[in-house]
Every structure is written in structure tokens, then in C-alpha cells.
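Trainee: Once you've had a glance at the structure underneath, I'll fire off some questions.
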Amino acid sequence: MLTSIYMIAITAEAMSGALAAGRRNMDLFGVALIAFLTALGGGTVRDILLGNFPVTWTQHPRYIYMTIAGGLMTIVIARFMRHLHQLFLVLDAIGLVAFTVIGCNVALKLGYDTVVVVMSGITTGIFGGILRDIMCNRTPQVLRHELYASVSLVVALLYLALLSHGVTENITLLAAFSVGLLLRMAAIHWKVSLPVFRYSQDRWD
Amino acid sequence: MLTSIYMIAITAEAMSGALAAGRRNMDLFGVALIAFLTALGGGTVRDILLGNFPVTWTQHPRYIYMTIAGGLMTIVIARFMRHLHQLFLVLDAIGLVAFTVIGCNVALKLGYDTVVVVMSGITTGIFGGILRDIMCNRTPQVLRHELYASVSLVVALLYLALLSHGVTENITLLAAFSVGLLLRMAAIHWKVSLPVFRYSQDRWD
Amino acid sequence: MLTSIYMIAITAEAMSGALAAGRRNMDLFGVALIAFLTALGGGTVRDILLGNFPVTWTQHPRYIYMTIAGGLMTIVIARFMRHLHQLFLVLDAIGLVAFTVIGCNVALKLGYDTVVVVMSGITTGIFGGILRDIMCNRTPQVLRHELYASVSLVVALLYLALLSHGVTENITLLAAFSVGLLLRMAAIHWKVSLPVFRYSQDRWD
């Protein structure tokens, strides 16, 4: 089940990457590369940080094809994005939760400390979007907009708390997805975001 | 032979990095660092992604010295760049092909799947330039201009196709360089580029 | 002793990251993430480049907590930064020297070549600041302002020269910190910087 959700998730993330590339007028190659990076970059950064070699996608070529196909397909359906907006936000939120849970699981299996497990989940959840924004030369959006990275944090903490209390994997997953999706949708609907830190002194230090 | 070409290649890439640093008014240290990153960054990203430790340049100090020297030397000859423009484009194209072939070979030796071998070649070919542009705070040029990343893709595919059909290493290399250089030079001369994806909706998702 | 200094160093770097995040109006999560990346990113890049897994902070959860706490605390004391400016510059300089020395030691223990040891020290010293600036979408300041990266280079060379001449660890550390701090403070006071390379031709290559 988590694998099917993962497929949906990487396709949604690949589309988000392709749209960002389109805003920078990139060529087909750029669109494919940014789609790939957005979808699989979070997991790649996680694998490298945890020393988890070989990196996941190098062992699953179909993930590579899916993200590139998702990116290029986006060019065709971009004109309908306005109508697909709601659906897209839901898919993106599903991706965020799925990536977070998978990231926690990878670090758990490698025996890392709990705080590292949480960071592994968050890294998997948000770093694809961060790499996308760095490649498109803009300040990472996930650190500024409605609750996004925070949803990943809540999902990771909830997931670990339930597992450590002996709740079954299935119920834990159900809870993680329910809470994560609700929280993200509520944040978008009511424009909830974390408090922002504004600082404007000139000197860089 | 490939080693001599590699030397030329990293020097040309180091120069391209130094010029980009100069456009941002960086100091001597910045010029040397960007030169190093542009020349050896693609191979470094490849080695990390493939779990190929120790990273190549850590075992070959002279590559480090060459890129730093190439970067600093560029400061002196920058005033003549207008006259060296054609030569520089040829050297840069040679670098692109050489990096791509070397990147494919590294992944081949490690036994990765064909699509990963192709991505290893492309990563080695273009990621130095991407890191250069990220460090200089601009959108990666290789994803927007005349065929560049695509040349790397064509070279990687051709190289693997010929090898898998039992063509000798020397002829394969000759073919890769001929096709790669011709394609790149033609793209520059006739301003050929891949179709561009333009998207301008406001929201980031 | 070096451990206590390291604690001060990562807190100072975390604060510098938080201030940069504040200039981009990031939310609390963004502030915590940039603080973490600025403080521990240099060592992380070093560990990955040297194949030194597991990455240091994954084995020391308290460093993670300290940087996040340092980042969030900065939001509270930001209004006093004008008065703390001098103190902050000293702490930042201490961090630069401490990171450089630690980076050299890690590479030394792994048996790398001298030039790689120097680069390991510099990477640890300056890459946190580079990651901070990339995440905040600006050209890395450490490559443009008063002597900063160069101080890291001088400290690394001095440290290795003294060690190789059999000077004791304690005296070597004392010399590294004295020279590094003096050099950095002098550079700030008299606005000393390396010569800058200016280049303004239009084409990117």
C-alpha cells in the first residue's frame, strides 16, 4: 500500500518540480532534471546523510522513469493546472506524509537515535522542494508558506510515538496520514502559518 | 590519452568557474574555490551519489592544484577572453564529452543499471556548471541555453550503445568525441536549443 | 577544552544562520533549519566528502538541540544584536578557527594527503556559511567580504606546520587561535580583504 502511495507521491512532486522549472523558462532537459530532483532529491539527501548506500533510486530505475515522465507530462497538462489545483494540493500533501514516514523508517532500520529518525523523516519530506527552489534560484518556499515543514515534523513525531507505544503499523499509518492531511489542508484553507521572524539589520553577521 | 584530455577539460572548466566568480566580484579565494567546484564538482557529486569513496580528487592532489592554478590564471588572461572565445568554447565542449565518458565508466565499473550509468555520465558532465551557478546565485545556465546537457545525454547513450555492440574502446571514444563536439558546435553556431517550457501562474504549487 | 570551544562555536554559527533566515522572513521552522545547517553544515559536507560515516552530528544529538535552541533564542535577542555586535564577531571568529582545526584533525585521522587535510579544515570552517547563503538565495558572503576564508586557510596551514615540526598539541592550538583571531579582527577593523576579480563580459562562457 505504501508503495502505491509512494508512486503517487513522487509523481506529484515531479509535477511540482516541472512547474517551477517552467517558471524559469527551462528547456525539456531542465524540466526533466528538476522533476527528478524534486521527487527523489529528499530521499537522496537522506541516504547520503545516513550513509545509506547505494542510494535508493539507483536500485529502482522505474522511479527514475516515473519522475521524468511525470515532469514531461506536466508540460502538456500545465494549461489545465488551474482546474487541477485542489487535486494537486491533496496529492502534494499525500506526498509530504508518505515521504516523511518512509524517511523515518529508513533511519529506524539503520538504528539511529530518535532525533535523527525525526530529522530523516523531515529531510525526506521537504528537501526535494528545497533543492527544487535552490535550482530555480529562489528562497525555499517550504520555510515560508502555510504549515508545510511543520506538518512533516508533526507526522514524524506522531508516527514514532504510536510505534513506540506498540500500535500496529497499519493503524499508525492511518493516523499519520489522517492527521498530516487534515493539518495541511486546514493550514491551506485558513492560511495558518508559523510565526515569522523578521530581521532587517544591514550587516550580515 | 583520456587522462590528457581530462587535464585540458578540468582546466577549461576551472576557467569557466573563475569567470563566473569574477562576474560576482569575488575575491581571489572565491575565484579559486569556484574554479575548483566547477571543474571537480560534477565528479564529486557523482562519487557521492554512487557511494564511490574515497572521492576521486582526494586521491589526486594535482587535480586540486591544477584547478586552483587554472582559476587564478584566468584573472590574468581575462582581458583576452574576447579573442579566446572560440578556443574556449571548443575546450569546454571537449570537457563536457570527456566528463560524460568518464562518469559512465565509473558507474559501469561499479555495476550499476544502465539508466544509472547514463545519469552518472550526465551528472559528471553538467553538475560542475550547476554548482558554479548555484554558488554565483543564478539559475543554472546549462538547463536553458543551446544544447548542452542534451549533448551529454547523446554522448552517454552513444558510448554505451557502441560498447554494448562490442566496438573497441578507441573507436567508441573517437565516435563519442566526434559526435559530441560536432553537435555542440552546431548547436552554438545555429543557436539550436531544446524547446522551452514557459509557465507563469503565480502560486508555487 | 576544544569541545567547550566547539559548543560556543556552533551556537554562534547557529545565531548567524538565524539572523540570515530572519532577513528572508522565514518562519520558526526555517529559522531552526538554517541555524542547524549553518552550524553543522560545514562538518556535514566534510564528512560526506571524506566518506566519514556516520556523519558526526547523527552520533551527538545534543549538538542538534543546541543549534536549534541557539537559532530560536536568537529571535528573542535579535533586538539587542546592535549592542552584541562586537561580541558576536569575536564568537564567530572563534568558531571559524575551531571548525578549521577540527576539520583538519578529522582528515588527518583518516590518513588523507596534506592538501586534502587543508581543504577539510577550510570546508568545515566556511561551508556552513556557504550553505546558509545558498538557502537564503544570496551570493556566499565569505567569498567577498573581509578576510574570512583566507583566515581559515592560514589557520590550517599554521596548524599543520606546527604539528609536523613536533610542537605540542596545546601550543599548536594556542598559536592557531591567537593568529586566527588576530588576523580576523585586524581584517574587520582595517577592512582588509583579498583583491577582488571583476569581470563583466556578457556571455556566460
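Placement of Cβ uses the backbone N, Cα and C atoms for every residue, glycine included.
TrEMBL does not curate its annotations; it predicts them automatically.
Take a look at what TrEMBL says about it:
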- B:6-78: domain 'Glycine transporter' (DOMAIN)
- B:25-43: transmembrane segment (TRANSMEM)
- B:63-80: transmembrane segment (TRANSMEM)
- B:87-108: transmembrane segment (TRANSMEM)
- B:90-162: domain 'Glycine transporter' (DOMAIN)
- B:114-135: transmembrane segment (TRANSMEM)
- B:147-165: transmembrane segment (TRANSMEM)
- B:171-190: transmembrane segment (TRANSMEM)
Trainee: Looking only at residues six or more beyond either end of the transmembrane segment (B:171-190), which have a C-beta under 8 A from one in the stretch?
Mentor: 1-2, 89-90, 93-94, 96-98, 100-101, 146-148, 151-152, 154-155, 158-159, 162-163
Trainee: For the domain 'Glycine transporter' (B:6-78), DSSP counts of helix, strand and coil?
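Mentor: DSSP composition of the domain 'Glycine transporter' (B:6-78): 62 helix, 1 strand, 10 coil.
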Trainee: DSSP helix, strand and coil counts for the domain 'Glycine transporter' (B:90-162)?
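Mentor: Grouping H, G, I as helix and E, B as strand yields 59 helix, 0 strand, 14 coil.
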